[in-house]
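K.L.:
According to TrEMBL, the record shows the following:
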- 41-287: domain 'G-protein coupled receptors family 1 profile' (DOMAIN)
- 25-51: transmembrane segment (TRANSMEM)
- 58-78: transmembrane segment (TRANSMEM)
- 98-120: transmembrane segment (TRANSMEM)
- 141-164: transmembrane segment (TRANSMEM)
- 205-225: transmembrane segment (TRANSMEM)
- 237-259: transmembrane segment (TRANSMEM)
- 271-289: transmembrane segment (TRANSMEM)
Amino acid sequence: MGGLNDSVVTEFVLLALSCSWEKKVFLTLICSLLYLGVILGNLLILFLVIFDSHLHSPMYFLLVNLSLIDVGLSSTTIPKIITDLLNEDKVISFQSCMTQICFIHTIGGAEMVLLIAMAFDRCTAICKPLHYLKIMNPKTCVSFVITGWVTGVVHAMSQFLFVIKLPFCGPNKVDSFYCDFPKIIKLACTDGAELEFIVTANSGFMSMGTFFLLILSYSFILITVWKRSSRDLSKAFVTLSSHITVVFLFFTPCMFLYVWPSAPPSLDKNLFIVDFAITPVLNPAIYTLRNKDIKVAIKRLCKKISYSRFC
C-alpha cells in the first residue's frame, strides 16, 4: 500500500455507478450539464466582481470566495463520476479515495466558516451601517478566508489521521458515488463503532452547530430590523433570503449524511447530488437573480460587449 498502512485493499468499487446503459447515458448528461453550470455560473460571478469596480466590497469579496469553493467542491467528485460512467471499471484507488475525502472535508469546512463570515457581514451592514467598512476592512475579510481554510484542514485531518490507520483487508464495495469517512469506516476489518462516533461527533456537530448559529444570526438581524421599523422587515428579508436559502441548501444534506450516518443508500445518493452538484449550480443563480447589484453589473457588462462589437 505504499506505506499508507498495512491494508490489503488497494482500490474501492463504487456500486452506485453500476447501472444500465440507458441510466449511465442519462447520469452522464445530467452530471455534465450540472458541472458545466457550476463552472460557468461561478466564473461569471468571479469575472463580474473582479472587473466591475462597483462590486469591490466586503460582501462580494466573500461571495467570490464562495464561488471558488463551490467549484472546488464539485470538482472533487463530479469529473470522477463522469469519467467512471464512461468506463467499464467503477473503481477508485485507495490513495485517490483518501485524497478525495480530505479535499471534501477541507473544502466543506472552509465553506462553513465562509457562510458564517457572510452572515457576520450582513449583520454588520444592517445593524451597524455607519461602522460597516471599518469593521469589515480588507484585513478582516482576508482573515475570515484564511480561518476558513485552516478550519477545513484541521477538520479533515482530525478524522483522516484515525481512518488512515484502519486495516482494510477484505470488503471494498462502496454503495455510493464517492468516498467519505462513514462509508469507508464500515469496510474496515475492525470494530469501527468508536470511530463512527468520532466522525459523527466531528462532522455532525460542526454541521448542526454552524447551521443553528447561522439561523440565530439571521433571526437576530430580522428581529433588530423589526424593532427599528416593521416596514423595513420585508426589505431586510428579501435582502437576506438568498443567504438563508444557500444555508438550507448546503446544510440540510450535511446534517442528514453525518448526523444520520446509517441513512438509506437511496437517500444518501440523492443528498449527494444536492450537495455536490445542485447547490453549487444554484448558488450563482440565487445570488444573481435576487441581487440588484449583480443584475446591474451584468447589464453594464452586456452594454460594454455591445459597444465594443459596434466600434
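Yeah, the Cβs are placed from backbone N, Cα and C, and that goes for glycine too.
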K.L.:
Do we see three or more Cβ pairs under 8 Å linking the transmembrane segment (237-259) and the transmembrane segment (141-164), pairs being at least 6 apart in sequence?
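P.N.:
Touching, no - the transmembrane segment (237-259) and the transmembrane segment (141-164) miss the threshold of 3 or more Cβ pairs under 8 Å.
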K.L.:
Between the transmembrane segment (205-225) and the transmembrane segment (98-120), are there at least three Cβ pairs closer than 8 Å, leaving out pairs fewer than 6 positions apart?
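P.N.:
Between the transmembrane segment (205-225) and the transmembrane segment (98-120), contact is present.
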K.L.:
Considering pairs 6 or more residues apart, do the transmembrane segment (25-51) and the transmembrane segment (141-164) have at least three CB pairs under 8 Å?
P.N.:
no
K.L.:
Determine which residues of the chain contact the transmembrane segment (271-289) at the Cβ level, with the cut-off under 8 Å and only residues 6 or more beyond its ends counted.
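P.N.:
Distant Cβ neighbours of the transmembrane segment (271-289) are 31, 34-35, 37-38, 41-42, 44-45, 63, 66-67, 70-71, 73-74, 76-78, 176-178, 242, 245-246, 249-250, 252-254, 256-257, 263, 295, 298.
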K.L.:
Mind looking up the mean pLDDT for the domain 'G-protein coupled receptors family 1 profile' (41-287) in the predicted model?
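P.N.:
The predicted confidence over the domain 'G-protein coupled receptors family 1 profile' (41-287), as a mean pLDDT, is 86.
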